[in-house]
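Undergrad: Next up is a structure, given as structure tokens.
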Amino acid sequence: MRISIFGLGYVGAVCAGCLSARGHDVVGVDISSTKIDLINNGKSPIVEPGLEELLQKGLATGKLRGTTDFAEAIRATDLSMICVGTPSKKNGDLELDYIESVCREIGYVLRDKNTRHTIVVRSTVLPGTVANVVIPILEDCSGKKAGVDFGVAVNPEFLRESTAIKDYDLPPMTVIGEFDKASGDVLQSLYEELDAPIIRKDIAVAEMIKYTCNVWHATKVTFANEIGNIAKAVGVDGREVMDVVCQDKALNLSQYYMRPGFAFGGSCLPKDVRALTYRAGSLDVDAPLLNSLMRSNTSQVQNAFDMVASYDTRKVALLGLSFKAGTDDLRESPLVELAEMLIGKGFDLSIFDSNVEYARVHGANKDYIESKIPHVSSLLNSDFDQVINDSDVIILGNRDERFRSLANKTPEGKRVIDLVGFMTNATTEDGRAEGICW
């Protein structure tokens, strides 16, 4: 494949070396003549183990060259990768000047280019950047239509400095965000030789995946550091603790808790978060990430309330009251908190939860229900159909399987708010179901 790479920093230089070494015809483009001279002399413009050897191989086989001539590079290739920097502004937003400049250069050349060209954004950009910045510039400068006259895609990179060559050759996954199917097909053919799953998504999803991965890595580092600081303060080696924590692949390092949805609750998590952060505070150990957990959890309950309040009705059904399906435990259930907020604001609330209904009459939680939340328990109704029929808005609160069908086939005249992820897609055909995080 004939590929031009714009920006020969850490991402662009590595891509140029790896792609040319795999037999692709690569033109590296940069405004810095110093970088171009280095590339053309087989020298790496960055410090990266193994890269110089790849660049030299590309030069020796005639598969790699560098230039400062943007137009010539675009005319000589079929696919352009944008790898320029997107540094932070003082306010934290991204500086997109380099992206915009490259897009203008590409667009002007495309105006007179008769063959199809695919533009791939590898630079890290926020969701909406390609749709609202990249494509409009390309279309305006070229006078052509994205997805028709030229292709557009996003291909986020997951390269770490000092291990970038290995990361390129052995990626955990290859993410392709495609504006048009043809562009996705082109990129898939480029990466099929790599032993990694190829995941094709919409462009905005791909943009968000990159940020989610990086923020998750930052969160893990911060979490481990805060746990380590607290552990040290109580006389424990935090490394020993985290080593054992990371051995649990069923829960600790798994997909189990990594699903967007409603707040956490129950008798353990809230209590233990409060206890550990209290101990940290008593030892003068700063743990801002851990201290934010309960506040963030409460915010998610508020989000659910706001969704209900956005509808012009007061008749609401809450399906599920315990913090998870299959239990009658109401201790610190976020659904109880949501119910109390709705009651306090005058909503006409009906609640269905077969486990809690049984517990109210027979279970060990009877005293808890009657003494702690009698105002909530009095709204429980064991007639599922009546609860549905008497409501205008239906909240799917836990993963009781009998609630699933309501998410994808909303009853006539009703609205559904899905807190648990029963909806198959982010939207339904009738548009009457809405997810809290989708």
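The count begins at 1 with the first shown residue.
Even glycines carry a Cβ here, placed using N, Cα and C.
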Undergrad: Looking at Swiss-Prot, which one out of Thr124, Thr219, Thr222 binds NAD(+) in the same site as Tyr10, Val11, Asp30, Lys35, Thr86, Lys271, Arg331?
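TA: For NAD(+), Swiss-Prot names Tyr10, Val11, Asp30, Lys35, Thr86, Lys271, Arg331; of Thr124, Thr219, Thr222, the listed one is Thr124.
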Undergrad: Need one residue: from Lys89, Lys90, Lys324, Lys345, the one Swiss-Prot lists with Glu161, Lys210, Asn214, His217, Asn225, Tyr256, Tyr257, Arg259, Phe262, Gly265 for GDP-alpha-D-mannuronate.
TA: Lys324
Undergrad: Around Tyr257 (GDP-alpha-D-mannuronate binding site), how many other CB atoms lie within 10 A of its CB?
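TA: Around the Cβ of Tyr257 (GDP-alpha-D-mannuronate binding site), 10 other Cβ atoms lie within 10 Å.
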Undergrad: Expressed to the nearest Å, what is the distance separating Val11 (NAD(+) binding site) and Glu161 (GDP-alpha-D-mannuronate binding site) at their Cα atoms?
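TA: Cα-Cα, rounded: 9 Å.
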Undergrad: 10 Å Cβ neighbour count around Glu161 (GDP-alpha-D-mannuronate binding site)?
TA: 13
Undergrad: Around Arg331 (NAD(+) binding site), which of the listed recorded positions (Asn214, Tyr257, Phe262, Cys268, Lys324) come within 10 Å, judging by Cα atoms?
TA: Cys268
Undergrad: Would you identify the secondary structure of Val11 (NAD(+) binding site) according to DSSP, in three states?
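TA: Assignment for Val11 (NAD(+) binding site) reads helix.
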